[in-house]
Amino acid sequence: MRASSIPASSLRQSLRSAVAGPTSRRTFATQSRLQASYGFIGLGRMGYPMAKNLRTKIPSSDTMFIHDVNPTICEKFASEHKGVTVVEDVRAIAENVETILTVLPEPHHVQNVFQQMLRPPTLLTDAPIKQERLFIDCSTIDVRSSAEVAEATHSTGQGKFIDAPMSGGVVGASNGTLTFMMGAPPELVDRANAILSLMGKRVVHLGAQTSGLKGKLANNYLLALTNIATCEAMNMGVTWGLDAKALADMINTATGKCWPSEVNNPVPGVVPTAPASNGYEGGFGTELMLKDLKLAMQAAAEQGIIPELGIHAKDIYQAVENDAELKGRDFSVVYRYFGGKNTDKLKGLNGQ
Ligand code: NAD
C-alpha cells in the first residue's frame, strides 16, 4: 500500500480506527496487547533484510510504515510483504508510529531525518500512539551527532532516542543473526531488546545513550588494524614460501588468531566462504571500514587520544580506495595492495 498521496490526518484516522477496532486486540493468557506500530527508515543493504525480518516476525496485525529516499526499493519491499505502508515523508511515520528504526548511511542523513521528524513537533495529541515513542538508530555514526539527536528528541519531549549500531554485515542482517550494541537507559532495555532480537541473535547493552556507538567504534577500530596486520603477516609468510592454508591453520591455533585470520582470511582459497575466495566480492567494503575508522579516530581525538596505528591504517585504506582495481571490494583486498601494484598478483582479482 502506498500512502504518498494520503494526508497524514487520513493515515491517523485509519490507524485510529484500526487501533480502536475490536480486531486490533489480541488476547494473551494474562493480558491483552494493543496492536503495535513500527516505522523503518532506510532500506539499503542492511535495512532491507532487517525490515524483512521485523515484518516477518511481528504479528500480522501490527502495522509497519517504511520510507527510503529511493522509492523503487520501498515499492519492492511493499510488493514482497503484506501489512506495509509506504510513505514519502518521514513525518507521516513519526506521527503514527510508536517504534521507529533508522538505518542510514552517514551522520548527516540521520540529522536530516530527525530534523524533519522533530521540527515542528510530530507527537500529536490525537495520535494513535499508545506508549512512549521510541527511536532506535542502528546507523553507524559519530558519537557527538548521536548525542545531539538524542538531546533534540529528549529536550522537546518527543520521545526517547537510543543508539543500537550493529555488527554482522549483510549476511547477518539477512539471517537475523546480527549483534546489536545498545546505548540506552535501563528502563528502555527490555523494550528495545524485544524489538532488536527479531533482527539479531545478540543484543549487548553497554550503558547510557551513545555507549552502543562507542562500543561499535572501538570494535571496528580494532578490526581495521587486525585486518591490516593479518594481510601483512599472510603476505610475509606466502612470500617466504609457506603454504597459505598451513600458515593460516597454525595462526588460528596460536596467539595471532583473530577474525580476519580465521573467518575472513585475505588469501584466496584459504577460507572458501571468505570474500577473498570470491574475487573479494561482497563482505565488508573498504569504504565502510574507512568510514568507521575515521569515526573512531574522530571520537578518540575529541577525548584527547591520539590513535597512533589508526593514522597509518587510514592512509592504507584510503590508498586502496583510490586504486581503481581494488576499490569497492571487501576490505581484505588490502592483501593485494601489499602484494604490489605492478606484479602479477593483481591479476585474477575476479576469483581466478
Ligand atoms: P546503504 O547505503 O546500502 O543503505 C542506506 C539506505 O538509506 C539507502 O537505501 C538510501 O537510499 C537510504 N537513505 C539515505 N538517505 C536517506 C534519507 N534521508 N531518508 C531515507 N532513506 C535514506 O547502507 P547500509 O550498508 O545499509 O548501511 C547502513 C548503516 O549500517 C551505515 O551506517 C553502515 O555503516 C552500517 N553498517 C553497515 C554494514 C554493512 O555491512 N553494510 C554493517 C554494519 C553496519
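Including glycine, each Cβ sits where the backbone N, Cα and C put it.
TrEMBL entries are annotated by machine, without manual review.
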TODO: Would you please say which range out of 1-26, 105-130 has the annotation region 'Disordered' in TrEMBL?
DONE: 1-26
Open item on the list: From the DSSP assignment alone, can you count helix, strand and coil residues within the domain '3-hydroxyisobutyrate dehydrogenase-like NAD-binding' (212-337)?
Closed with: 83 helix, 2 strand, 41 coil
